[in-house]
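Report on the structure given below.
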Amino acid sequence: MANMNSDSRHLGTSEVDHERDPGPMNIQFEPSDLRSKRPFCIEPTNIVNVNHVIQRVSDHASAMNKRIHYYSRLTTPADKALIAPDHVVPAPEECYVYSPLGSAYKLQSYTEGYGKNTSLVTIFMIWNTMMGTSILSIPWGIKQAGFTTGMCVIILMGLLTLYCCYRVVKSRTMMFSLDTTSWEYPDVCRHYFGSFGQWSSLLFSLVSLIGAMIVYWVLMSNFLFNTGKFIFNFIHHINDTDTILSTNNSNPVICPSAGSGGHPDNSSMIFYANDTGAQQFEKWWDKSRTVPFYLVGLLLPLLNFKSPSFFSKFNILGTVSVLYLIFLVTFKAVRLGFHLEFHWFIPTEFFVPEIRFQFPQLTGVLTLAFFIHNCIITLLKNNKKQENNVRDLCIAYMLVTLTYLYIGVLVFASFPSPPLSKDCIEQNFLDNFPSSDTLSFIARIFLLFQMMTVYPLLGYLARVQLLGHIFGDIYPSIFHVLILNLIIVGAGVIMACFYPNIGGIIRYSGAACGLAFVFIYPSLIYIISLHQEERLTWPKLIFHVFIIILGVANLIVQFFM
């Protein structure tokens, strides 16, 4: 969801002649572009200024926006017969650009005609968007696939998803007779597949959103539990590594799944029998029985806000969290050293073979880790030099692949074997560090706060997509919104209590949403467009049908792992 946890992307456009450091928050446009970029549909409660001052448009401008929204539903974006007339469009100073996270940013007009993002900013935005919760499960995925196989799978999946993303970017240019400059990818799907394409894209988009929200709930429960445990142990001078299989050194690493059949440990802790205070704490601070419910009282009210604009201000925490994880992994690897042995097919007591048949679990995780296909057109629209889109996309994917390789390889290679087996690597690699570890505690605090600010944004997106399509209003009533939020929160609580396996949740949701957006739609649209132009050849047909088969197999095989 991808990554769903760090997007607040901006959709301004202009052609520039002079370079100026626009920065990712500087949204500018050329007045002549205003007509080509309509319609805008921004609800007043969604307006947020780049200077962090909450704003509302006038009632008159709001009414005009609603009329523009009505015009936009009467025809496809390429059909200019029903384009909103000039007198309906708000003045430039009243126009805002919609961000995928549900907020809006005010346009800044520059008559000089510059203001699009540089390639560096575009590359960073793509990298930042893809960096999500999947990064915590990459080391576990490498363990499931085998060290050598895991590295090869990461590289191959990066190349495959890059090609499919390239096909998404080029999909608009395959329709020569239509003006597709303002189209997004759902518009392309609707053009080729009609209402089925529109509703199926909505369905798979909701799968990725709700899957991400469930993963967030499981992780927030985990991080909140370990944070409370760290504070309690610090106050009472309890060493939690004494009651669990761990290494005996200044940088302890634990194996929570030892004695639980290799499954993630969902219990809280083990205390000495005569420690009444600790027993009471264990009773009321349990990872699966109590903590997931504590989050309900905190997050459910936030989901009912009409606008998530306040939370969008904390998106920079996503970048900070990833950078801190890179620092943490590097520091631990330097202190622990590398522990590797190579056995191609036969496992040993402490090491896994280089080739394991559970590698599809890693492909499922990576499908979501490399997932950006539903919003890549939006991100690249802001690129200053459109001719560099493909180059910048390739560079961004290369950086994402290197980041995943860096995290996964360092965690796997530095995991202390012996005395612990590589099979002890958890689906969330932070679980391999005791709650008393200060650096891991800081990482959990960072991630907990960041996820608590992103979670309402994901809920808002789910509300916009589902209620907006069904009722034509993203906030039909507090009752409708509350019912939807209770269903989403309930799903998160149930999974946190009974299936707190983020690796499993990520690979299922990744394979499901990737089936449509990554594998089927890009390949099928390319085949149809070539067939319409009578340029379809057997090699191209076979290759893209093979990609579709890979996507279907990737989903099916997840249920047998």
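Backbone N, Cα and C define each Cβ position, glycine as well.
Bond annotation: of Cys41, Cys95, Cys394, Cys424, only Cys424 is listed by Swiss-Prot as forming a disulfide with Cys255. Checking the candidates Asn117, Asn266 against Swiss-Prot, the annotation N-linked glycosylation site falls on Asn266. Per Swiss-Prot, Pro301 and Arg507 occupy opposite sides of the membrane [differing topological domain names].
Around the Cβ of Asn239 (N-linked glycosylation site), the same chain contributes Asn233, Ser436, each under 8 angstroms and 6 or more positions distant in sequence.
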